[in-house]
Amino acid sequence: MTLCCARFRRTHPEDKIKNAKIIFVVGGPGSGKGTQCEKVVEKYGYTHLSSGDLLRAEVASGSERGKQLQAIMQKGELVPLDTVLDMIKDAMIAKADVSKGFLIDGYPREVQQGEEFEKKIGAPSLLLYINAKPETMVKRLMKRGETSGRADDNEETIKKRLDLYYKATEPVIAFYESRGIVRKIDSELAVDDVFKQVCQAIDNLK
Ligand SMILES: Nc1ncnc2c1ncn2[C@@H]1O[C@H](COP(=O)(O)OP(=O)(O)O)[C@@H](O)[C@H]1O
Ligand SMILES: Nc1ncnc2c1ncn2[C@H]1C[C@H](O)[C@@H](COP(=O)(O)OP(=O)(O)O)O1
Ligand SMILES: [Mg+2]
């Protein structure tokens, strides 16, 4: 009895994801992260976790926390690090038993997010850097805004998100470049041609 309880206490939910394969998907707003992740899920069976989607689900739940998050996202700002990291961690644990690997889309958005992720979860083996010109991103987001219903797909918020991307998120790429795990993807091309580059990067992992 005593032995059994001791063992129970030592089993943490985090243990389930300790050795998970992790791919960070980083790029500006509207660069095509979500589009490419969907195709990776289809071909490789990885689990796609988008920080933005997780946050929007919390907003849709109507919770008090969701209301606070909505106000931040509407302004194009970043939500608190702990909130988004906890959501990703919980979602990873929930999928750990059936997942071949995780695509973490939209995270890290600043270097500190990467550092905290590694402390609490683990290290990525690849960073897909989805790169498009700012004009392209704005054009795609304005188009997406016609149907997305997203509170942040409007001209004013798009500009703020782009500025924040260059200021806070691009340094993330330099941070991981020194580790040799960044693969830069030209996202100016048609979706399938972008995907070919993504496949090459993932296939080289094995
Ligand atoms: N390679 C591409 N060429 C043209 N349009 C694209 C391409 N990739 C994505 N899009 C479109 O651009 C918009 C933003 O793509 P999305 O995947 O939502 O980007 P992100 O998740 O990086 O914000 C979507 O409407 C999508 O259909
Ligand atoms: N890692 C993160 N840290 C803080 N805020 C985040 C976040 N990921 C998403 N958010 C918040 C702020 C973003 O402007 C908003 C939408 O994010 P998103 O859905 O990833 O955008 P997109 O796919 O257009 O790049 O959600
Ligand atoms: Mg997205």
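Here the Cβ of each residue, glycine as well, is placed from N, Cα and C on the backbone.
Taking the Cβ of Gly32 (ATP binding site) as centre and 10 Å as the limit, one finds 24 other Cβ atoms among all the protein chains shown. What TrEMBL lists as ATP binding site is Gly30, Ser31, Gly32, Lys33, Gly34, Thr35, Arg144, Leu189.
Secondary structure by DSSP for the region 'NMPbind' (50-79): 21 helix, 1 strand, 8 coil. The annotation region 'NMPbind' is assigned in TrEMBL to 50-79.
Per TrEMBL, AMP binding site is recorded for Ser51, Arg56, Glu77, Leu78, Val79, Gly106, Tyr107, Pro108, Arg109, Gln113, Arg150, Arg161. Remark: Arg109 (AMP binding site) has Ser51, Leu78, Ala168, Thr169, Val172 as non-local neighbours, by Cβ distance under 8 Å and separation of at least 6 in sequence. Reduced to three states, the DSSP call for Arg109 (AMP binding site) is coil.
Within its own chain, the region 'LID' (143-153) is flanked in space by residues 29-30, 56, 70, 73-74, 76, 161, which lie at least six positions past its ends and keep a Cβ under 8 Å from the stretch. Here TrEMBL flags 143-153 as region 'LID'.
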Chain residues in Cβ proximity to the region 'NMPbind' (50-79) (below 8 Å; excluding those fewer than six residues from its ends, i.e. six or more beyond): 33-34, 37, 87-88, 91, 104-107, 109-110, 150-152, 157-161, 164, 168
DSSP helix/strand/coil residue counts for the region 'LID' (143-153): 6 helix, 0 strand, 5 coil
Spatial neighbour of Tyr107 (AMP binding site) that is closest, considering only the binding-site residues Thr35, Arg144, Leu189 and their CA atoms: Thr35
Three-state secondary structure, Lys33 (ATP binding site) (per DSSP): helix
Proximal residue to Arg144 (ATP binding site) among binding-site residues Glu77, Val79, Arg150 (C-alpha distance): Arg150
